[in-house]
Amino acid sequence: MRFARISPIFANVVRQSQYRNYANGVIKPREFNKVMVANRGEIAIRVFRALTELNKTSVAIYAEQDKNSMHRLKADEAYLVGKGLPPVAAYLTIDQIIETALKHDIDAIHPGYGFLSERSDFAAACQNAGIVFIGPSPDVMARMGDKVAARQAAIEAGVQVVPGTPGPITTAAEAVEFAKQYGTPIILKAAYGGGGRGIRRVDKLDEVEEAFRRSYSEAQAAFGDGSLFVEKFVERPRHIEVQLLGDHHGNIVHLYERDCSVQRRHQKVVEIAPAPALPEGVREKILADALRLAKHVGYQNAGTVEFLVDQKGNYYFIEVNARLQVEHTVTEEITGVDLVQAQIRIAEGKSLDDLKLSQDTIHTTGSAIQCRVTTEDPAKGFQPDSGRIEVFRSGEGMGIRLDSASAFAGSVISPHYDSLMVKVIASARNHPNAAAKMIRALKEFRIRGVKTNIPFLLNVLRQPSFLDASVDTYFIDEHPELFQFKPSQNRAQKLLNYLGEVKVNGPTTPLATDLKPAVVSPPIPYIPAGAKPPAGLRNVLLEKGPAEFAKEVRKTPGCMITDTTFRDAHQSLLATRVRTYDMAAISPFVSQNFNGLFSLENWGGATFDVSMRFLHECPWERLQTLRRLIPNIPFQCLLRGANAMGYSNYPDNVIYKFCELAVKNGMDVFRVFDSLNYLPNLLVGMEAVGKAGGVVEAAIAYTGDVTDKSRDKYDLNYYLNLAEQLVKAQAHILSIKDMAGVLKPEAAKLLIGALRDKFPDVPIHVHTHDTSGAGVAAMLECAKAGADVVDAAVDSMSGMTSQPSMGAIVASLQGTKHDTGLSLDDISKYSAYWESARQLYAPFECATTMKSGNADVYKHEIPGGQYTNLQFQAFSLGLGPQFDEVKRMYREANLVLGDIIKVTPSSKIVGDLAQFMVQNNLTRETLVDRADDLSFPKSVVDFMQGNVGQPPYGFPEPLRTKVLRGKPKVDGRPGENAKPVDLDAVKVELEEKHGRPLTEEDVMSYSMFPSVFDEFETFRQQYGPVDKLPTRLFLTGLEIAEEVDVEIESGKTLAIQLLAEGKLNKRGEREVFFDLNGQMRSIFVVDKEASKEIVTRPRALPGVRGHIGAPMPGDVLELKIKEGDKVTKKQPLFVLSAMKMEMVIDSPIAGTVKKVHAGQGTKCTAGDLVIEIEP
């Protein structure tokens, strides 16, 4: 077996003899037939292209993990090396590479850059095997690759150097000693490699030891030798390097210089050739010194001499890179010289004269810039990212060159190698023009699936100092604005993720019934393009203010209508599920034809949290969208007094800020109510609305029957007295809010007539529900009794628990002194639209269980919206036949609580207690008797404590005492002493949690619904603008082969088709295939049901500060703590290694290590939970 390994070398004895004098430059010219590239990725493909142009056979090597890499496929031949070894180690197996080369008759090996490119032992191994190493001789490589030897050579050649250690050091003590002698700052550099690996600047003496350990570890991992070189750090230098070419005949030329000053962590980010704004005198001296050093050492092939140039024009040699550089491309662009081909030709023994290259013939033309597009996230400290590229579209055109390997859709970016994805090179007549081309090209890129540094590169290129070419190596550190990014919206990919999720796992919004959305396109009446909306009542409000607005309403002849179709109608009939998408579609028609409306109720109440919770859309954006489409009709919302849009009391500053923002975003009329008619709660809301500039419509929640003399509560005097207090509190409009629809026609006549008599100058607005079927009759009586405005829903969205029919009211009042002025023809078109659109919401249709109105509402007094929900719940629990009993128990629960006003949230309290009584088989009497031993619903306990407010006739005793059992009571307004919320601090905290700038409106949503907002924001970032999807597709997704056009903004439409759904893979995922704008895209979606049996690593939960996750894919290199340890804030927890970079992860909080989820050596993906800390 020993002879079998030696025999190929003997077979190459003849070849060896030809190269015995390799180091002395005396070689016999020859032509290579087969050339191997001992590298991977972009540089391997770059060399293959040069070989193809020279008509030579290209040969690749690849690690097992690279079997799908593009460089393997681009080569004429490709061979596996390092089987069973880690990814990087495979490319460092010199013996296997040489054996593979000998086995397949390789003439020469090009090392590329990185890996073995600067290993003199590899060059020597090639020479000993009779294979040409395309690069300098082993002796020169050894001397130039050793930074200490290179430094000594520079001194011998008369080239100025930076003060540094005389040789490599291997202990931290030596580094500390140097720092003590020369002072800080110093810089630690890997002695046997480059590329930014192992380089660290140290500013303080006490930091030298730890920095040495980290640099040593990085250098050891990257180059197989951790030896370091220490230098005094030159302040504010420019990094200038000179490209050289030398042949084996003693000829050396320079190809001018490059400016590599734009660096991060000593890693070059942007390179420029030639170096702009470099004084000619300095340029000539640097070029001359580079040639002097190269001639001194007898340099052959391509190499780079690097210098630091300080602010005064002094320059210092720092190192020689005895290989091809990543940034060689910019030199090629300005000189027209193919450096790779020149390398190959020189290695074949050609002279520079043979290549028609002499110093006199090498000139520069124009300017070139190279940007390294990497898979790093600049918003997270340039954490390397890995994964599958879902989308790849590059920038191209005149003056743009792309050098890449893995840059295509479907490519998988490995965490094991350098993060370089593609090099973009822009060439133009001068530096500013080259920068303009580069900016244009980078803006054309679309990369999805992995993060890239393109936003950062664009910021760099737009910096005035970069365009002026006045940058040094401090440029990035001194421009924090480079890290201010406008996040990529990535809307198309996110929508595909959503549609894929729905396809694999079903609707994200729970469907209440088995019915499916109908396949319909609601008919939108024609509106001429550019037609301006006619003036409406909102024009008066904007011009004259709320007080004059109220007077105008009072002066208006006839009865005006508030259209509830956009809010309360669908809250009552369709579980509040109607989306902005369908409202916006009909809004222009409403604006054009219903300018005579008093208002359009379209916001507030349950729609606020439901829009985020179930529809995954922002309620503020709904308001903004509808306001833009309907500028002329006043908008109306429901404000729950001190509860704002929520279900509990909030600090006063939240209420005031909410109203301010609502008015700012286009809200006009606020119907302010309290679920118990508790005046202090009402006054808070009224004052907040008034201060914000809104119209204060003070609402009295109606219950009981003012015509029933036998009822001693809620009589006519109760309502008149409360109305008087509201008018005194500066209400612009009085409202009667009949949530249950129990205002009978005769009662309406009595109550509204009395209010009109008592308050002749105050507009009166009446709201009701048509649960009993008598809603139209009641509203007609209100109009006749003096009401200025009544609520109605368009016909196809009216009736039952919704509002009375708009068409019926309009027709009934037509031709009378109460004529509404609305057109029945327009109402008919409006109704036709909603009749069709309503079918899209079939899964939430109340008519599934409720077939008609029911007059028993006069007994149980269940509010309209709650009636529908209770009925759904009863049917889902199998209690459909017993719904009459549920309704009866609701009445009993109300009475046992003292016959309270029933509006959200008090109606929920009654409903919770009713269900509790049914579940426990309780009556009104037994409930009170057994109250000492029962565990009541939390809502009931809160009510009894006074956390909702004070009921008009007090709390029921002895039930209250029995329920509370000593718990504290609130006697006044619940929110009166609540601590104000620091909204600015909340904004900062939220932005940190969600990783993006948030608005005041977002903060307000969070202030009222913290968990709902957090879930919504997480959903929005994951799935994008799902509100742009048509409703049927939003709810149930696409069918196979179904197509849809999605307009994500004006003039931008996505054409999406679902192509196929794949089988379950071993990770529990299904691949879902789409056609997006004519291009095939696929995504992987975890099948939540099928993957339950698959064990996965726990994930760090967003927003949980004690969950410390892996910020990037990589290996846990070192754990610095153990379970049970006490840790302080910013204490190092573990070291993560990825893409040859090490990152120390600190604790964001102080606490105790509860659990270590990933031990040393564990491979993690980004977001995997590593350590759990208990604060």
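Backbone N, Cα and C define each Cβ position, glycine as well.
Per TrEMBL, the features are as follows:
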type: ACT_SITE; residues: R323; note: active site
type: BINDING; residues: R640, T904; note: substrate binding site
type: DOMAIN; residues: 31-481; note: domain 'Biotin carboxylation'
type: DOMAIN; residues: 151-348; note: domain 'ATP-grasp'
type: DOMAIN; residues: 559-828; note: domain 'Pyruvate carboxyltransferase'
type: DOMAIN; residues: 1099-1174; note: domain 'Lipoyl-binding'
type: MOD_RES; residues: K1140; note: N6-biotinyllysine
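T904 (substrate binding site) is surrounded by 20 other CB atoms, counting those within 10 A of its CB over all protein chains shown. Predicted-model confidence for the domain 'Pyruvate carboxyltransferase' (559-828) is 95, expressed as mean pLDDT. Under DSSP, residues within the domain 'Lipoyl-binding' (1099-1174) fall into helix, strand and coil as 0 helix, 40 strand, 36 coil. Between the CA atoms of R640 (substrate binding site) and R323 (active site) there is a gap of 73 Å.
Looking at R323 (active site) and T904 (substrate binding site), their Cα atoms lie 75 Å from each other.
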